[in-house]
Amino acid sequence: MWVSRCQKMKSQITNALSDFFFEYETPRQVLVRNRRVGVVCRLIQLGVLAYIIGWVFIYEKGYQSTDTAVSSVFTKMKGVGYTNVSGNERVWDVADYVFPPQGDSSFVVMTNYIITEGQKMGTCPELKGKHSCKSDSDCEGGTLKRTGHGQMTGVCVNSTKTCEVLAWCPVEDDHVIPDPPLLMSAENYTLFIKNSVTFPLFGVTRSNLVEGIDAGYISQCLHDPEKAPLCPIFRLGDIVKLSGFSFETIAKVGGAIGIVVDWTCNLDVDIKNCKPKYNFHGLYGNPAETDKARASVGYNFRYAKHYMEDKTEKRTLLKVFGIRFDIIVQSLARKFDIIPTLTAIGSGVGIFGVATVVCDLVLLYLLPKREFYKNMKFKYTDTQTQDPDSEAGSIETEVSKK
């Protein structure tokens, strides 16, 4: 008995493996001759095909793999400015008006300033309108005010009706901003941008000094979006204009401008076509905005130059108004790859199943003859007796719904 069961089990396993490896199953299909359903099916399939070809392959370029670049930016300013304030003439070169001077991708060009010379550590009255007082009791000695210039000594200065402070004296008076800006000559300064990018996935390295941009060309070119779009030398006035700003307005109180170097490359074509495009965006300082309603206007900062005079430490304080330039590199390289291509095709073929689902819903639930289509599509069976010699292994009784 036990041997018989083992043989029977072995036979069943053998048959199951034979059926699994040597038989193929396919679903039964019903051909429905209905014009409305046929048109709906073809329209959906046409829409899916248009989506795959138009959107996935042409617009999104689903047949290509992508990579972003590792980039480096180097800048250099050139130009000389001249000012004459109260008979004090001065020439300003790159070392005076560019902050920081190292040639970073983010830097400031001074266009206006307020200078306070000969400051030394001592006691002096605060500016009028700041920390006003009527008596010494209004000035608490040893305290510091966030908006003040130093530490209060506890003395009220009668001549100014302000508290006396221990600070760099005389204190800075920045109530009046020079207008027009003192360094309007900055409009003619030039900016040189050197940018290199590497796409590590594809092993491609490019520089904005592309083919044809040599020393001779650079020495005489000036960037123009139409005539010289690849020239890496930019006039500051042109940058401000292309960003939508007025140079005189932004030069007075400062602002910020973004310079975007765009590397969008199709590496399936000649690599020489991988070239940068320059775009300019005003980030802060737009004259069309209601700057007067803001609590803080423009862009400014302070820095001091310290020196010794008669064994006394002194400094020259400058409140700098300038234009901040942020150079931003955007990159995207594409190249044919069989894996994303097959993935896009496979997903597109899968979307074709939407047409079948929609048409089945129309057939089975919306058309007047939906019961007839249900009986044609589905086969209902009841297993009554087991017949091992029969082809199907069971006796099936078809139940039709009328």
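The backbone N, Cα and C atoms fix where each Cβ goes, and this holds for glycine too.
Bear in mind that the values here come from a model prediction, so they are computed numbers and not experimental data.
In TrEMBL this protein carries:
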- K76, M77, K78, T190, N300, F301, R302, K319: ATP binding site (BINDING)
- C124-C169: disulfide bond (DISULFID)
- C133-C156: disulfide bond (DISULFID)
- C139-C163: disulfide bond (DISULFID)
- C221-C231: disulfide bond (DISULFID)
- C265-C274: disulfide bond (DISULFID)
- N188: N-linked glycosylation site (CARBOHYD)
- 383-402: region 'Disordered' (REGION)
- 37-58: transmembrane segment (TRANSMEM)
- 344-367: transmembrane segment (TRANSMEM)
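Overlay of TrEMBL annotations on the structure.
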{"residue": "K76", "record": "ATP binding site", "Cβ within 10 Å": "13"}
{"residue": "M77", "record": "ATP binding site", "Cβ within 10 Å": "20"}
{"residue": "C124", "record": "disulfide bond", "Cβ within 10 Å": "21"}
{"residue": "N188", "record": "N-linked glycosylation site", "Cβ within 10 Å": "13"}
{"residue": "C221", "record": "disulfide bond", "Cβ within 10 Å": "15"}
{"residue": "C274", "record": "disulfide bond", "Cβ within 10 Å": "18"}
{"residue": "N300", "record": "ATP binding site", "Cβ within 10 Å": "19"}
{"residue": "F301", "record": "ATP binding site", "Cβ within 10 Å": "14"}
{"residue": "R302", "record": "ATP binding site", "Cβ within 10 Å": "13"}
{"residue": "K319", "record": "ATP binding site", "Cβ within 10 Å": "16"}
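For the binding site of ATP, formed by K76, M77, K78, T190, N300, F301, R302, K319 according to the record, the largest Cα to Cα distance is 24 Å, rounded to a whole number.
Counting other CB atoms no more than 10 Å from each candidate's CB, the disulfide-bonded residues C156, C163, C231 peak at C163. When the disulfide-bonded residues C133, C169, C265 are scored by other C-beta atoms within 10 Å, C265 scores highest. Within 10 Å of C139 (disulfide bond), counting CA to CA, the recorded positions C156, N188, C265, C274, N300 contribute C156. Checking Cα-Cα distances from C124 (disulfide bond) against the recorded positions (M77, K78, C163, C221, C265, R302) with a 10 Å cut-off leaves C163, in sequence order.
Cα-Cα distance from N188 (N-linked glycosylation site) to M77 (ATP binding site): 11 Å (rounded to the nearest whole number).
Distance noted between the C-alpha atoms of C274 (disulfide bond) and K76 (ATP binding site) is 24 Å.
It is 28 Å from the Cα atom of C265 (disulfide bond) to that of T190 (ATP binding site). C139 (disulfide bond) has a Cβ environment of 22 other Cβ atoms inside 10 Å.
A Cα-Cα distance of 34 Å separates C231 (disulfide bond) from K319 (ATP binding site). Here T190 (ATP binding site) is positioned 11 angstrom away from C221 (disulfide bond), judged by their C-alpha atoms.
Cβ neighbours within 10 Å of T190 (ATP binding site), excluding its own Cβ and spanning all shown chains: 16.
Cβ contacts within 10 Å of K78 (ATP binding site), excluding its own Cβ and spanning all protein chains shown: 11.
A straight line from the CA of T190 (ATP binding site) to the CA of C156 (disulfide bond) spans 51 Å.
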